[in-house]
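Asker: This is the structure, below, for whatever I ask next.
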Amino acid sequence: MTIALGKVTKDENDLFDIMDDWLRRDRFVFVGWSGLLLFPCAYFAVGGWFTGTTFVTSWYTHGLASSYLEGCNFLTAAVSTPANSLAHSLLLLWGPEAQGDFTRWCQLGGLWTFVALHGAFGLIGFMLRQFELARSVQLRPYNAIAFSGPIAVFVSVFLIYPLGQSGWFFAPSFGVAAIFRFILFFQGFHNWTLNPFHMMGVAGVLGAALLCAIHGATVENTLFEDGDGANTFRAFNPTQAEETYSMVTANRFWSQIFGVAFSNKRWLHFFMLFVPVTGLWMSALGVVGLALNLRAYDFVSQEIRAAEDPEFETFYTKNILLNEGIRAWMAAQDQPHENLIFPEEVLPRGNAL
């Protein structure tokens, strides 16, 4: 017995096909399936930040003024973290803390969790957008893979670190001066600058900046002369499609400068991708370690000798004293709910004092 299987016909009005056709249609601003996550989350994250920095005080959570309404400027305004007593609560507007009261929700720090979570999902949506567009135009997904670096840093600093501590209170607040305070906090309480993961992150970011500058300058230096103008901007048409720089000339130049040079564009550009992304991932891993209060380098022998010998001091021991000073001065101001009091005689003094 023979059974003939015909082509299965789909309903012309299938909802998925209708949505897929509309979402992925060629338009000035691509939407895509990733846009269903990206655009709402980005809108709420940015809107929440503008709302918080404009109107919302941090008096109830940090004892601070943090909005334009209270006299702050762009550098000092912030959306502050919730109070330490709220631990890791999601602080939902309809949750047991705010009970649907929007004013109370803002006073408790609900905007911080709102901005942090919507911001994280917005960044993930942007990475998915790059995946989706790369697949549509048949590109490899390295743009999306590269963007995983900033996502890793954001998630580790704003979400994983406070999850390892006692609450969202110890995460960075969303503001310029607030981020600076958090950097000082990281140094004082974790000796972050001596952490090898931080060192790898700095090497990655600054190394990428150096590579960018060298690459841009080299391409400009080896452009073919295809015009009569006196300089780059007059001599070359910025809209031309063909490649007009010489990899061979660039290779010869850097071979003479360093003795070695990139032999092909694939390896060169992969290296420019690898350096910053690896640096960002390493720094993110380091922050995850700090969430667990892992220590990095402790040169105890130098600390013991400095304590015993007033004439012995190294840059390391001076930095350790500086960290103790940061902790002593910052903890009392930063955690007023703990009622910490440090008498003058216990504040750290270097051997030179």
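Even glycines carry a Cβ here, placed using N, Cα and C.
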Asker: Which stretch, out of 41-61, 104-124, 167-187, is listed as transmembrane segment by Swiss-Prot?
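Answerer: Checked against Swiss-Prot: transmembrane segment maps to 41-61.
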Asker: Among the residue ranges 19-39, 208-228, I'd like the one that Swiss-Prot describes as transmembrane segment.
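Answerer: So the range that Swiss-Prot calls transmembrane segment is 208-228.
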Asker: On a C-alpha basis, identify the one among HIS198, HIS215, PHE262 that is nearest to GLN130 (pheophytin a binding site); the candidates are the binding-site residues.
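Answerer: For GLN130 (pheophytin a binding site), the spatially nearest of the binding-site residues is HIS215.
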Asker: Over all shown protein chains, what is the count of other CB atoms within 10 A of the CB belonging to PHE262 (plastoquinone binding site)?
Answerer: 19
Asker: In terms of DSSP three-state secondary structure, what is the assignment for HIS269 (Fe cation binding site)?
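Answerer: The residue in question, HIS269 (Fe cation binding site), is helix (DSSP, three-state).
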Asker: Which has the fewest other Cβ atoms within 10 Å: GLN130, ASN143, the binding-site residues listed?
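Answerer: Checked GLN130, ASN143; of these binding-site residues, fewest Cβ neighbours within 10 Å: ASN143.
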Asker: Return only the integer: C-alpha distance in Å from HIS118 (chlorophyll a ChlzD2 binding site) to HIS269 (Fe cation binding site).
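Answerer: It is 32 Å, counting Cα to Cα.
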Asker: Using Cβ atoms and a strict cutoff of less than 8 Å, what residues sit near the transmembrane segment (153-166) while being 6 or more residues removed from its termini?
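Answerer: Apart from its flanks, the transmembrane segment (153-166) reaches 81, 84, 87-88, 116, 119-120, 123, 172, 280, 283-285, 287-288, 290-293.
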